[in-house]
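Step one of this worksheet: look at the structure below.
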Amino acid sequence: MWQTPDDVVLISDPRVTSIPVIESGEPLADVRGRLRVDKRLADAAGAYAHLRSGLLDRLVAAERRLPDGYHLLIVEGYRPITVQRRIFDGYRAELHTTFPEMSPDESYIAASRYVSPVEVAPHTAGAAVDLTLCAPDGTEHDMGTQVNDNPEESHGACYTAAPGIPAAAREHRDLLASVLEPAGLVNYPTEWWHWSYGDRYWAMSTRSPHAHYGPVEFAG
């Protein structure tokens, strides 16, 4: 079943999409040199390793709160609009194959559990980061699933509050939240690795009247 728990607000929900954006004009900043960055999703221009400067500062502050033996590992930050559209459309097509009974409206909503629709996507604003925890030698800590495992292949274990994951994974997810939430970030509850600041989902979660960051072009 593709349905999400009733208490999860998806990013495609009108409560999120209706929030206005008052663009701050804050620049994108390079994460490399300030935090550990994984290269699995690296692009030639290095866009993946950029975030709004305010978000990056908050992540650096969160890193300092981690206990010995733990570091933030950034997997992906900024994502170009063309890439976002390709990922969303591709996953939506997969859902239609897996669930042929889905209507177009249902596939749009279901896809938004895992990929944001382009018109509201925080990655295209440099406002979202996909990340995990690693040891000093770079070994990733057990988080219950891999970063970017979708709900179908993980059997729902990608949901932040998923029951039945190993105790160590639950502790690590809780640790991640314990340093990111005080830094002002919010989690997208269908993806334990996805955290954001200043986007529409953040505004909805924090009851801010508007978002600070809208789509932005990467200058390279």
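Cβ coordinates are placed from backbone N, Cα and C, and glycine is handled just like the others.
What TrEMBL annotates here:
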type	residues	note
ACT_SITE	GLU191	active site, proton donor/acceptor
BINDING	HIS123, ASP130, HIS194	Zn(2+) binding site
SITE	ARG79	site 'Transition state stabilizer'
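Everything TrEMBL records as a feature, shown here on the structure.
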residue: ARG79; record: site 'Transition state stabilizer'; Cβ within 10 Å: 24
residue: HIS123; record: Zn(2+) binding site; Cβ within 10 Å: 27
residue: ASP130; record: Zn(2+) binding site; Cβ within 10 Å: 22
residue: GLU191; record: active site, proton donor/acceptor; Cβ within 10 Å: 22
residue: HIS194; record: Zn(2+) binding site; Cβ within 10 Å: 27
Listed in sequence order, residues not in HIS123, ASP130, HIS194 with Cβ within 8 Å of the centre of the Zn(2+) site Cβ atoms: VAL75, GLU76, GLY77, ARG79, PRO122, ALA128, VAL129, TYR188, GLU191, TRP193, TRP195, SER196
Nearest recorded site to the residue listed as 'active site, proton donor/acceptor' by CA-CA distance, among recorded positions ARG79, HIS123, ASP130: ASP130
Distance [Cα-Cα, Å, rounded] between ARG79 (site 'Transition state stabilizer') and HIS123 (Zn(2+) binding site): 5
